[in-house]
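Record features (TrEMBL):
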- GLU64, GLU95, HIS98, GLU185: Fe cation 1 binding site (BINDING)
- GLU95, GLU147, GLU185, HIS188: Fe cation 2 binding site (BINDING)
- 27-46: region 'Disordered' (REGION)
Amino acid sequence: MLAGCRFQAANALRPLARTITYRASNFYTDPSKNQEPGVSTSPDISTEQREILDRALRVDQAGEIAANWIYRGQFAVLGRDPRVGPLIQEMWDQEKVHLEVMDKLQLQHEVRPTLLSEFAKAAGFALGAATALMGKEAAMACTEAVETVIGEHYDDQLKDFELLPSSHPSIPLLRDVIKEFRDDELEHLDTAVEHHSQRAPAHALLSAVVGGGCKVAIELCKRF
C-alpha cells in the first residue's frame, strides 16, 4: 500500500503531456551550441540566489554520479540477463547523458563539486550490485526507490528556481534541463514498476532504506 501511494505521488509530478521534440540537454551535448549564451555564461545574481544555484547543481551532479554507479553495479551482476540487462543498459545510457550535462553545468556556473564524489561512486556501485545480487525484482525496487526520491527532489528544485532571474538565458535553459531530467527519472520509475519492482522480497523495507539513504545523501551533498 505504501509503495503504491509513493508511486502515485511520483506519477502526479509528471506533466499530463510531454513532447519529445525539444530536449534542453541538446544545448549541452551538441558541440555546435557551445557558444550559445545560455550554455557559455552565468548570471550575475545575489548571494542568496547564488547559494540556491550552487547547492542545486552540486547535489544534482553528485546524484548523477551516484546514479551512474548504481547502474554500473546492477549491470555488473545482471548485464547478461537477456531481459533485464538491456533495460539497465538503456537507463544507464540516459544517466551518462545526465552526468555529461551536469558536469558542463558545474563548469559553466563555477560550482564547487561535492567533496563526497568518491563516496557517491563507491556507495552507488555497492547499492546497485547488492540489490542486483538479491534478484531482478530487488534491482528494480532499488531503481523505483531512487527515482522516486530524485523525481520529487527535482520537482522541489524547480520551485526554488523560481527565485532565480529569467532575464539571463542560462536560467530558463536550466529549468528546462531539470524538467527533462525529472521526466527521465520518472520514466525509469515506470520501467522499474512495469518489471515487477514491487514483487521484490521485503519491498517496503527495501524501498524505505534506499529512499531514506538517498534523502540523507542529498542533504550531505548540499553541505559538503
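Using N, Cα and C of the backbone, Cβ positions are placed for all residues, glycine too.
Just so you know, TrEMBL annotations are computer predictions that nobody has curated.
Structure coloured by features recorded in TrEMBL.
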| residue | record | Cβ contacts under 8 Å, 6 or more apart |
| --- | --- | --- |
| GLU64 | Fe cation 1 binding site | GLU95, HIS98, LEU99, MET102 |
| GLU185 | Fe cation 1 binding site | GLU147, ILE150, GLY151, TYR154 |
| HIS188 | Fe cation 2 binding site | MET91, GLN94, THR143, GLU147 |
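With the fewest other Cβ atoms inside 10 Å of its Cβ, the least crowded of the binding-site residues GLU95, GLU147 in this structure is GLU95. Counting every protein chain shown, the number of other Cβ atoms lying within 10 Å of the Cβ of HIS98 (Fe cation 1 binding site) is 22.
One way to see the shell of the Fe cation 2 site is to take the Cβ centroid of GLU95, GLU147, GLU185, HIS188; the remaining same-chain residues with a Cβ within 8 Å of it are ALA67, MET91, GLN94, THR143, VAL146, ILE150, GLY151, ASP184, LEU186, GLU187, LEU189.
Within 8 Å of the Cβ centroid of the Fe cation 1 site, not counting the listed residues GLU64, GLU95, HIS98, GLU185, the chain contributes GLY63, ALA67, ASN68, GLN94, VAL97, LEU99, MET102, ILE150, PHE181, ASP184.
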